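J.: Below is a structure I'd like to ask you about.
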Amino acid sequence: MAVVKCKPTSPGRRHVVKVVNPELHKGKPFAPLLEKNSKSGGRNNNGRITTRHIGGGHKQAYRIVDFKRNKDGIPAVVERLEYDPNRSANIALVLYKDGERRYILAPKGLKAGDQIQSGVDAAIKPGNTLPMRNIPVGSTVHNVEMKPGKGGQLARSAGTYVQIVARDGAYVTLRLRSGEMRKVEADCRATLGEVGNAEHMLRVLGKAGAARWRGVRPTVRGTAMNPVDHPHGGGEGRNFGKHPVTPWGVQTKGKKTRSNKRTDKFIVRRRSK
C-alpha cells in the first residue's frame with residue numbers, strides 16, 4: 001500500500017493525494033452479497049432535511065458485511081480483498097469450508113490465502129473472532145459487540161482498534177480510541193487485530209468535485225445567509241453578536257447531546273477532550 005501525490009497536470013489534480021493498494025481486487029464485487037442502496041438526500045420520510053450537506057454522488061451498491069462472525073468452528077480462506085464505497089475500511093471476501101462466502105472487515109495484515117476462524121477455540125491471531133472472555137487482556141481488537149449476538153458496533157472504521165485493559169467476572173473493560181473506558185459483557189465477540197487501510201486518513205480529495213462524487217454538498221456559513229435562512233444571518237458587518245446556534249436555534253458549541261442514561265453505568269471514564 002502506498003500514498004501517492006499526483007502530479008499538478010491541472011488545478012484539480014495539483015493537491016490530490018491518494019492511497020494505492022495493488023492487492024485490492026480489480027473486478028466486480030461478489031453479486032450475491034450486494035443490495036440496492038437508495039440515496040436519501042439527507043431527507044426523512046416526510047421529505048424534510050434531517051442531515052444537511054448530503055445529496056447527489058455516484059450510485060453505489062451496498063455490500064452485505066458479516067459483523068456477527070457467528071460461523072463457529074468452520075475455517076475460512078480469504079479469497080480476495082476489495083474496495084467498499086460505503087466505508088473507509090477495505091473488506092475481504094472469505095470462503096468457508098462448507099462453501100458459503102461472506103464479506104468481513106479486512107484487518108491490518110490480512111491477505112489472500114490466509115485462514116481465519118470464529119468461536120471459542122479459534123487461535124489468537126489477527127482476523128479470528130472470539131468472545132472477549134477468551135481473549136488475553138492487553139490485546140488489540142476491532143469490530144466489537146456491545147450486546148452478545150448483536151454484531152460488531154465499535155472500531156469498524158479504517159485504522160481503528162479497541163484495547164482490552166481488564167476483565168472482571170462477567171464484564172471486560174475496553175479503552176476506546178477516543179480515550180473513553182467502557183465496560184461490556186465478556187460474552188460479546190471481537191475480532192483480533194486492528195482494522196486495515198489506516199492510510200485512509202492521509203488521502204486528500206484535492207477539489208470540491210471529488211467531495212460531490214461522494215455525495216457531500218457544500219457547507220455554507222450561517223453569517224453568510226439572510227435572516228430568514230439562519231439565526232446568524234443578516235446585518236451589515238460580519239459579527240452576529242450572539243451565542244452560536246444551529247439553523248434551528250439549538251446551541252452548537254459545548255452543549256451536551258448524550259441522553260442515554262440507561263447505559264451511563266457502563267462508562268468507567270469519559271472520553272478525552
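Any Cβ shown, glycine's included, is placed from N, Cα and C.
Here the structure is a predicted model, which means the values were calculated and not measured.
Sharing the features that Swiss-Prot gives for it:
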REGION    28-53  region 'Disordered'
COMPBIAS  39-48  compositional bias 'Low complexity'
REGION    221-273  region 'Disordered'
MOD_RES   Lys242  N6-acetyllysine
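For the listed features, I'd like the structural context: burial, neighbours, distances.
T.: Below 8 angstroms of C-beta separation, residues 54-55, 57, 59, 215 of the same chain, each at least six residues beyond the ends of the compositional bias 'Low complexity' (39-48), sit close to that stretch.
For Lys242 (N6-acetyllysine), the same-chain residues that are 6 or more apart in sequence and have a Cβ closer than 8 Å to its Cβ are Pro231, His232. According to DSSP, Lys242 (N6-acetyllysine) sits in a coil region rather than a helix or strand.
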